[in-house]
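What TrEMBL records for this protein:
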type: DOMAIN; residues: 7-269; note: domain 'G-protein coupled receptors family 1 profile'
type: TRANSMEM; residues: 28-51; note: transmembrane segment
type: TRANSMEM; residues: 57-83; note: transmembrane segment
type: TRANSMEM; residues: 104-124; note: transmembrane segment
type: TRANSMEM; residues: 152-173; note: transmembrane segment
type: TRANSMEM; residues: 217-240; note: transmembrane segment
type: TRANSMEM; residues: 252-271; note: transmembrane segment
Amino acid sequence: MIFALTGNGMVIWIFATSKSLRSASNMFVVNLAIADFVMMLKAPIVIYNSLYEGYELGLWGCQIFATMGAYSGIVQATTNLCIAYDRYKNISSPLDGQMSKKKAFFFILLTWGWATPWTLMPLFEYWGRFVAEGFLTTCSFDFLTNTMDIKLFVFFIFTFSYAIPMFMTMFFYSQIVSQVFNHEKALRKQAKKMNVESLRSGDQAAVSAEARIAKTAITICGLFVFSWTPYAVIALIGAFGNQALITPLVSMVPALCCKLVACFDPYVYAISHPKYRLELKERCACLGINEEQPAKNEDTKTTAA
């Protein structure tokens, strides 16, 4: 919990206040870190409830806990989609694919706007509801009540807040992989014809840098899928399958897995983002980070993970 809150807090602080990192792409990084931070703010509540072996904060405590989880989880999914789309545009159209800050801000508003109805409807029990789950130490969407209303809610929130964003994200990353492989293949073929070792120019090196950034984004997306898929599967089983399979332990483990992505994301940034490491080195020298100034052709790219 402490590492996750500290890591995401540092990502928000450094990306939001560093001039060299103030790009449209990195606005998505900050948005994802905010969602991760909100997710991990729930951890002290889980610890408190676990000590008392039940939900001790009452109905509204449960509602607030579930609201934080719904917003942060859905915003994580849609922000990963925005990052994938941004990476795809930068690689497929390096000259005119750069997103403006105004457009990035609009997409960020959309991520929170998309999460709002799926959060407020169960909060006010207009459609679906929030209930205690697992060992009654956490709260989330009700997926066990055997009514058509609950079943439909689970189906639609799974489809529109998990499946569609995930498959669209995978589509954009598959296009990135295809673009990079085709580009590299064409370069090698042309270099062979001209009997030279490499045809890379500054722009082509930039494309290579974008490819490395895309790998980082794919890693983060993979963490999200790994963390949230077990919970999505449990929700579907609870709504449409054999509920006898869902014991408190079986439902609790996926709920805890959801927190993993918020723990790992900031450290993926630290490992993969040279400019972030450089800023961290300058501001927090006590961490002992050894990072050299990037090469000039790479320094022109301010990127998002």
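The chain as shown is numbered from 1 upward.
Keep in mind that glycine also has a Cβ here, set from the backbone N, Cα and C atoms.
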Suppose I define contact as three or more CB-CB distances under 8 A, residues 6 or more apart in sequence; do the transmembrane segment (152-173) and the transmembrane segment (57-83) meet it?
yes
State the non-local partners of the transmembrane segment (252-271) in its own chain: residues 6+ outside its ends, Cβ under 8 Å from one of its Cβ atoms.
3-4, 7-8, 10-11, 29, 32-33, 35-37, 39-40, 42-43, 69, 72-73, 76, 133-135, 137-138, 140, 216, 219-220, 223-224, 226-228, 230-231, 233-234, 277, 280, 305
Can you work out the mean pLDDT of the predicted model over the domain 'G-protein coupled receptors family 1 profile' (7-269)?
85
